[in-house]
Each structure stands twice: as C-alpha cells, then as structure tokens.
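What follows is one structure encoded as structure tokens, with my remarks underneath.
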Amino acid sequence: MSSVVVVGTQWGDEGKGKITDFLSENAEVIARYQGGNNAGHTIKFNGVTYKLHLIPSGIFYKDKTCVIGNGMVVDPKALVTELAYLHERNVSTDNLRISNRAHVILPYHLKLDAVEEERKGANKIGTTKKGIGPAYMDKAARVGIRIADLLDRDVFEEKLARNLEEKNRLLEKMYDAEGFKIEDILDEYYEYGQQIKQYVCDTSVVLNDALDDGRRVLFEGAQGVMLDIDQGTYPFVTSSNPVAGGVTIGSGVGPTKIQHVVGVSKAYTTRVGDGPFPTELNNEIGDQIREVGREYGTTTGRPRRVGWFDSVVVRHARRVSGITDLSLNSIDVLTGIETLKICVAYKYRGEILEEFPASLKALAECEPVYEEMPGWTEDITGAKSLSDLPENARHYLERVSQLTGIPLSIFSVGPDRSQTNVVRSVYRPN
C-alpha cells in the first residue's frame with residue numbers, strides 16, 4: 001500500500017494540479033475528496049494545456065482510475081460540460097468514477113450564492129458564486145440531494161419539490177428575487193444524471209480495494225489549508241476541509257491508510273478574494289510577480305493578490321495537515337528580483353508571533369517580520385537538480401525548508417511538467 005495526499009499550504013492556486021499531474025504518472029488511482037468546480041487547475045499534457053475544475057488531474061492517463069469522492073459537491077451541468085470538453089479533445093473518461101454519496105449543486109444553490117454575496121456588500125467573502133457554500137449548507141442541514149438521488153427520478157422529484165418550497169420562500173421573501181419552478185430543473189438535471197450514470201458507484205469500495213491490493217493512490221486536494229473551514233482564515237474560507245484530514249471523511253478511507261502528505265507552495269504567496277494577507281505587495285514588485293507568474297484565477301479570471309513567502313502560514317499548514325514533504329513551485333518567477341524577503345514571524349502590538357493567529361482582527365494588525373536574502377539573475381528554467389541552481393536560489397530553497405520545518409521533496413522552475421524536479425520520492429516506504 002502506498003498513499004499520498006497533495007494539499008495546498010496557502011490560499012489555493014499553489015500549483016497542486018500540476019504537481020498532482022506529475023505525481024499521477026507513478027500513481028494508479030487519483031482521487032479528489034472535497035470542494036467542487038470552484039477549484040480550477042491548469043495542466044499541460046503532451047504539449048496541450050487543459051483547464052479542469054471537477055475532474056481529477058489523472059484523467060489523461062487511460063490506465064489510471066480517477067475518483068470524484070463523496071466529500072465533493074458536484075454541479076451536474078458543469079460536470080457534463082467538462083466531460084464534453086475532454087471528449088472534444090479526444091481524452092477518454094472511461095476511467096472516471098463518481099461517488100453515489102456526493103452531494104449535488106442545483107440552480108437554486110447558484111442563485112442563493114450570488115444574492116447572498118451581493119447582500120453582504122462590503123462584507124462579502126469573495127465566493128466564486130458556484131453554489132458551493134449553499135450546497136454544503138444543505139448537506140449539513142440534512143436536506144441535500146445526493147448523486148444517488150439524482151439517478152432515481154421519483155426520489156429526485158420528491159426531494160426537489162420539498163427543497164424548492166423552502167428555497168423559493170427564502171429567495172422571494174428575504175432577497176426579493178425570483179424563485180424556481182420544478183419544471184425549470186427536474187427534466188434537465190435528471191438528464192444530466194443519466195449522462196453521468198455510467199461513472200457512478202461506491203467510490204469508498206474502489207479506493208479501499210485499491211489500497212488493500214497494494215496499489216498507489218494519490219489524493220488530490222482543492223483550494224488550500226488557509227481556506228479550510230476549520231483551520232483557515234475564517235470566514236474568508238471555503239465550505240469544506242482541504243486539510244489532509246479531509247481525505248478520510250471525503251473519500252471514505254480510514255486515517256491509518258494515509259502515509260505521506262505533500263504540501264504544495266509557491267515560492268511566494270498569492271490569494272484570490274477578500275481577507276487579511278500580511279505579506280501582500282501593492283507595489284511594482286507585486287505587479288512584476290503577478291505578470292511574470294500569470295497570476296490570474298483559473299476559475300474566476302480575477303487578478304490574484306501577491307505577496308512574499310510567508311513561513312508562518314506554511315508552518316501552520318504543516319502542523320494541521322501533518323505535511324511530510326514540501327513541493328515548492330514557481331521559483332523561476334522570482335528571477336531578477338534583487339532582494340527577496342521571507343516572512344519569519346508577525347509583530348502584533350509589540351509582541352512577536354511565530355504561529356498563525358485565529359483572530360482576523362489581530363491578523364489585520366499584524367506586521368510581517370522579514371528576513372532578507374539576495375536574489376539571482378540567472379535563467380533557472382532548465383534546472384534539473386538542486387546543483388543546477390545558482391547559489392542564491394539554492395539558499396532560498398534551503399531557508400524556506402528550514403523555516404517551515406518541511407523537507408524539500410519537489411521543486412519547480414516553470415509551468416511545464418518537464419520543469420518539475422524530484423529531490424526525494426514521495427512514494428517512499430514509511
């Protein structure tokens with residue numbers, strides 16, 4: 001048995017899709033365990049760039065099983081669209097498996113997401129408006145509709161009718177918005193269910209059988225630890241648990257079957273959406289990093305907020321996710337910056353904080369304590385090993401590893417999978 005979890009150590013967009021794609025080559029099963037189509041990942045495969053939101057990165061390998069786990073919330077319309085997107089590009093999806101226990105995003109979730117965000121005005125969270133939060137709310141309230149329900153027309157119709165009574169009342173009375181008729185949803189979404197029916201099964205059985213058979217299983221997280229509903233910058237978070245612990249709940253695999261956790265980070269920090277960001281750069285260096293790193297959201301297209309590497313954030317991620325391996329991406333983006341800074345702690349009302357505070361009010365008052373390091377000007381995009389890097393780049397990686405307390409296992413010097421380099425295997429035995 002060999003199992004590896006890939007998690008983002010920051011606020012998402014760390015390049016998890018690329019690293020998952022890279023690690024997929026030596027995996028036999030690739031599974032997502034939380035989130036929905038609010039997560040976007042860009043993958044280059046055989047010279048072609050693909051943008052996916054729901055389907056795991058391993059779909060491009062015909063000999064590997066790809067799983068959408070029970071912890072995900074699935075927009076059937078978005079899923080059918082993504083399947084068509086792959087089919088048009090001659091990518092087979094025969095290896096896809098979808099949990100019959102995953103919850104379904106319906107049109108009223110999308111509308112509630114949008115009107116609630118609009119109502120909040122200046123206090124908005126920065127949601128992607130994909131219906132993720134409202135779908136997870138229904139799940140917690142035990143009124144959600146699952147994939148298994150979607151496939152049974154009678155059950156789907158009964159639950160949909162009951163839910164629409166409540167949702168329409170909410171939309172019309174609280175938000176002064178138009179509600180839905182059952183015929184607006186029933187036939188269309190039942191048909192989507194029929195289109196994905198061939199992929200639906202009990203994915204917990206698929207995953208546990210694979211692990212028991214000694215196959216390599218790779219769990220692909222979405223978003224990042226700082227967007228985790230329990231461990232992130234609440235309430236500026238997602239509605240699920242991207243931390244490694246989310247694997248056990250969101251995939252139906254017990255915690256004793258998880259071996260290694262790869263924490264993916266950029267060599268700097270980015271964020272989409274609102275919320276405190278201690279190392280944010282609102283200057284020319286920030287603009288340079290954004291343009292060189294093409295820091296625009298895969299899902300939203302929004303410019304990402306950019307800042308220096310924050311070791312306080314990544315140490316927090318290491319602790320709450322049990323991270324065993326560091327994958328550092330986008331090192332090449334920092335080329336040409338004369339002096340680099342790494343945040344080693346926060347200063348809060350005269351006190352030095354080395355751990356991430358829970359209070360957003362306190363976080364907003366925190367000033368980053370920086371350590372400066374000399375940059376490099378050499379082109380590093382062709383580096384294949386640490387020894388190929390200029391001395392200053394090597395020292396930067398070493399210092400990041402020291403400050404976060406995570407051994408460096410992978411580093412990346414460009415967007416292509418050929419620019420991803422292994423320092424030590426994450427599939428090693430315990």
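Including glycine, each Cβ sits where the backbone N, Cα and C put it.
Record features (Swiss-Prot):
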ACT_SITE  ASP13  active site, proton acceptor
ACT_SITE  HIS41  active site, proton donor
BINDING   12-18, 40-42, ARG304, 330-332, 412-414  GTP binding site
BINDING   ASP13, GLU14, GLY15, LYS16, ASN38, ALA39, GLY40, HIS41, THR128, ARG142, GLN223, THR238, ARG302  IMP binding site
BINDING   ASP13, GLY40  Mg(2+) binding site
BINDING   THR298, THR299, THR300, GLY301, ARG302, PRO303, ARG304  substrate binding site
Determine, from DSSP, whether ILE331 (GTP binding site) sits in helix, strand or coil. helix
Is any of the recorded positions HIS41, PRO303, ARG304 within 10 Å of ASP13 (active site, proton acceptor) (Cα-Cα), and if so, which, in sequence order? HIS41, ARG304
Neighbour tally for THR42 (GTP binding site), based on other Cβ positions within 10 Å of its Cβ: 17
When a 10 Å sphere is centred on the Cβ of GLY301 (substrate binding site), how many other Cβ atoms does it contain? 9
Please identify which of GLY15, GLY40, PRO303 has the densest Cβ environment, defined as other Cβ atoms within 10 Å, among these binding-site residues. GLY15
Largest separation between Cα atoms (Å) of residues that the record links to IMP, namely ASP13, GLU14, GLY15, LYS16, ASN38, ALA39, GLY40, HIS41, THR128, ARG142, GLN223, THR238, ARG302: 34
Provide the three-state secondary structure of LYS18 (GTP binding site) computed with DSSP. helix
Does anything in the same chain, at least 6 positions from LYS18 (GTP binding site), have a Cβ under 8 Å from its Cβ, and if so what? HIS41, THR42, ILE43, LYS44, ASN329, SER412, PRO415, ARG417, THR420
I'd like the number of other C-beta atoms within 10 A of the C-beta of THR128 (IMP binding site), please. 22
Distance from ARG302 (IMP binding site) back to GLY15 (GTP binding site), taken between C-alpha atoms, in Å: 16
Among HIS41, ARG302, ARG304, all listed as recorded positions, which has the most CB atoms within 10 Å of its CB? HIS41
Taking Cα-Cα distance, which of the binding-site residues THR128, GLN223, GLY301, PRO303 are within 10 Å of GLY12 (GTP binding site)? GLN223
Taking Cα-Cα distance, which of the binding-site residues PRO303, ARG304, ILE331, VAL413 are within 10 Å of GLY40 (IMP binding site)? none
Measuring Cα to Cα, how many angstrom lie between ARG302 (IMP binding site) and ILE331 (GTP binding site)? 22
